[in-house]
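As annotated by Swiss-Prot, domain 'Obg' applies to 1-159, with the evidence given as sequence analysis. Among the features that Swiss-Prot reports, domain 'OBG-type G' is placed at 160-342. Under the heading GTP binding site, Swiss-Prot lists 166-173, 191-195, 213-216, 292-295, 323-325, citing sequence analysis as support. Summarising the annotation, Swiss-Prot assigns Mg(2+) binding site to SER173, THR193.
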Amino acid sequence: MKLVDEAEILVTAGNGGNGCVGFRREKFIPLGGPDGGDGGAGGSVWIVADENVNTLVDFRHERTFKAQRGENGMGRQAYGKGGEDRIIVVPVGTVVINVQTDEVIGDLTQHGDRLLVAKGGKGGLGNMHFKSSVNRAPRQATTGEEGEERLLKLELKLLADVGLLGFPNAGKSTLIRAVSAATPKVADYPFTTLYPNLGVVSVEAYRSFVIADVPGLIEGAADGAGLGTQFLRHLQRTRLLLHLVDISPALGVYGEGGVDGVSPADQVRTIERELERHDPELLKKPRWLVLNKADLMFEDEARAAAETIVAELGWTAPWYLVSALGRDGTFPIMKDVMAFFDRQREDELEARNAG
């Protein structure tokens, strides 16, 4: 499924109903006092996170959301009925931003999270509130308040455990196909992945994690080059990054905009610079190196090339030599990832118990 991860919507809460000017009219009570009721409150607009929704695509077609207006007050001190709230359902992981102020209003990270984005107006006061010793028959009532209106930007950050990053054509889509049931488009040219893809990796029964295939990054990505920063945000919520590198760039024909002439080590350094420019915290995340396309070389050549790259980078974190296309060496990575998450959970539990 193509994942639309940005949308702008206009939300308008309901206006409050007007207060009523009314007087008590009953038999044998010819001069009844004021009894105009208050108007009902306008409906509010809420955004609710739902785990069964995984895209913002519906907001491409419907961008305006209005809550119901409150009903006017009536005689006999009857209050107007409040307007119904408007509920907007979004995927878990949606960030809501006020376009006018660029302020983050809320971050919906759990199923069922609710966020008030536009509050309904208060109902107007009926004339029963304006009776006094000098004005026993007031003909004064107030109108309902206007509901809030906001232009909002919705951003969807994938809630994935593992993020795949690398240059275009490094083999990220091929890897996610190899280890999960996801079926992203795969072809021999850059920018095949135009939208993030999610896959669930099942290591054992009831033991799995979510992996995200994010479109390839190139130099200048933090400034919007290539597919820009709109996909870098998806890496912010991952717990582990797998950095894929094509170890045989000289054997691949990438075409314009690709990575011709860029050594594997320089590919790693380039992406590290882009991550630091976009969000330095990303470089603090655990990151493992996955040297891909070993099938394009003889085994001893691939191993020697991999060791040279690791030495050139001074890489100290875990690294792997794989062929995503042939699924050679991919499953051991997934087992190690699962074990890494198990250790993380144990450490977090110990820290909570100690605290």
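Cβ from N, Cα, C; glycine included.
Feature map: annotations from Swiss-Prot on the structure.
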{"residue": "GLY166", "record": "GTP binding site", "Cβ neighbours (10 Å)": "26"}
{"residue": "ASN169", "record": "GTP binding site", "Cβ neighbours (10 Å)": "28"}
{"residue": "LYS172", "record": "GTP binding site", "Cβ neighbours (10 Å)": "31"}
{"residue": "SER173", "record": "Mg(2+) binding site", "Cβ neighbours (10 Å)": "24"}
{"residue": "LYS293", "record": "GTP binding site", "Cβ neighbours (10 Å)": "25"}
{"residue": "SER323", "record": "GTP binding site", "Cβ neighbours (10 Å)": "20"}
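Rounded to a whole number, the distance between the Cα atoms of GLY166 (GTP binding site) and SER173 (Mg(2+) binding site) is 11 Å. When pLDDT values are averaged over the domain 'OBG-type G' (160-342), the model yields 75.
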